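If you check TrEMBL, you get these features:
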type	residues	note
TRANSMEM	93-111	transmembrane segment
TRANSMEM	146-168	transmembrane segment
TRANSMEM	180-207	transmembrane segment
TRANSMEM	227-244	transmembrane segment
TRANSMEM	256-277	transmembrane segment
TRANSMEM	388-410	transmembrane segment
DOMAIN	434-558	domain 'STAS'
Amino acid sequence: MEVHKVVAPPHRSTAAKLKTRLKETFFPDDPLRQFKGQPNRTKLIRAAQYIFPILQWCPEYSFRLLKSDVVSGLTIASLAIPQGISYAKLANLPPIVGLYSSFVPPLVYAVLGSSRDLAVGPVSIASLILGSMLRQQVSPVDNPLLFLQLAFSSTFFAGLFQASLGILRLGFIIDFLSKATLIGFMAGAAIIVSLQQLKALLGITHFTKQMGVVPVLSSVFHHTNEWSWQTIVMGVCFLLFLLATRHLSMKKPKLFWVSAGAPLLSVIVSTLLVFVFRADRHGISVIGKLQEGLNPPSWNMLQFHGSHLGLVAKTGLITGIVSLTEGIAVGRTFAALKNYHVDGNKEIIAIGLMNVVGSATSCYVTTGAFSRSAVNNNAGCKTAVSNIVMSVTVMGLAIAVGLSLFKLLMQVTRPKTVIMGNIPGTDIYRNLHHYKEARRIPGVLVLSIESAVNFANSNYLTERTSRWIEDSEEEEAQEKHSSLQFLILEMSAVSGVDTNGVSFFKELKKTTAKKNIELVFVNPLSEVMEKLQRADEEEEFMRPEFLFLTVAEAVASLSLKGPSLNNV
């Protein structure tokens, strides 16, 4: 058998060795190899796909994939809403910021991220660290605006640090975190977060700012006089409900949607209970009104100077590392389960850029959340479209609140006014457009105003009433009845008037007087009557002979005054 000698490696220059070492360190995947020997058009397409992974799978996207992604997106949205609210409170931020953080970042990640299963949003440990570090120098209670500005600034620095790691190809640093380290980190984070929840669970108002086990438990038992049994009962009941649904989903994986929807159901039910029983008056604290609308811009709130610059930079660095570690770990875990590759540097850039963009759109630190990603995976997600569906669902929520506010505004500024007619054979007067058998009374216009009369709607009511009068006069003339003689205002639904409302009735009296039409009031409420009488010292429009309890009595009485009413 021939024996081969061991030969020395070929001589290489120091520069060549350094080049090889740097390439293997920073470009182990050799991203440029896909461009070798390709025409310019192909190079351009592949470059765009490399920068924006969504372009890789989007051309092959199908309706079958969409159905799976919609189901999973709606499922994680049901989890994102209560999580967003609770994690924002954990960070000492307004609850709406948690919802904002479940809208913009998922959209950014869907375009730049390479994981199919990663569900993006706020996470507990990053929220806790952010709130705790900022609270050491700025009180979220005494100076909430500055605290919010520092939170957005910290998010910017976190995203900048994360994106820089990816752009400089330093993602290998994350590899130094072993699986055992990550497991210990997540377990410790769970314990810390659980301890911090004792404040809300027990209803304690004066709670320690520290996160250690001993300070927290000491704070809990030194403030037993602040414990609220109502809060404890409600909290424990819903906690048991959440644990029960989680146990059920673990026993029967097909029922994953039960535990996924349980947090949102808990929010809805608890809100109804507080509203019905007015529990906020019995020791149970409430979040209060959520701001409506989509994410407002916040780039003008970022602070890059002043005495707090070091604080936000340090907070951003630490929360950036923590959130990045969790996001990469979660992404790689599910990629291994489904046997596909996740580019670590792309993920780092995606997470970093979504935090940079988020800091300018009223979001705080976000990453791939383990619980949310697990639900996303169990729900059968196929692509990052599930993040888009979740984002749009949360935005539906925001639009729904906005539409509700708009509807309320329209009800105030455009109150309902209807023409009433008599139902033959009765003394009942109802809406002419609702009851087709109702008939107009010749010479009389009966209007019902179904709202308070105030500064917001007085101009509208003036214009609308004038148009009703003109239309009625034209109708009287066309049908050859006598001219319009009485305008009866049915006011049982007018709950109040302000100075503009009083002016409306005064101007209406002047307008009707010019047309030789008498203004008649029916059933005004006591508060409205008092204000009108005080403003009508000379009894110009609140004369007793033109004030009645019902429309039927008014028409019967006025029939003696007007010749056209004698046949009524």
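Just so you know, glycine gets a Cβ as well, placed from its N, Cα and C.
The stretches the transmembrane segment (146-168) and the transmembrane segment (180-207) do not meet in space: the count of Cβ pairs below 8 angstroms, excluding pairs fewer than 6 apart in sequence, stays at fewer than three. Residues 52-54, 77, 80-81, 83-87, 118-122, 131, 140, 144, 147-148, 151, 287, 290-291, 294-295, 350-351, 353-355, 357-358, 361-364, 366, 384-385, 387-388, 390-391, 394-395, 397-398 of the same chain sit 6 or more residues outside the transmembrane segment (93-111) yet have a Cβ under 8 Å from a Cβ within it.
Remark: secondary structure over the domain 'STAS' (434-558) totals 58 helix, 21 strand, 46 coil, with classes taken from DSSP. Remote same-chain residues near the transmembrane segment (180-207) are listed as 89-90, 124-125, 128, 213, 216-217, 219-220, 223, 226-228, 230-232, 235-236, 239, 283-285, 325-326, 329, 370 (criterion: CB distance under 8 Å, separation of at least six residues from the stretch ends).
In the predicted model, the domain 'STAS' (434-558) has a mean pLDDT of 86.
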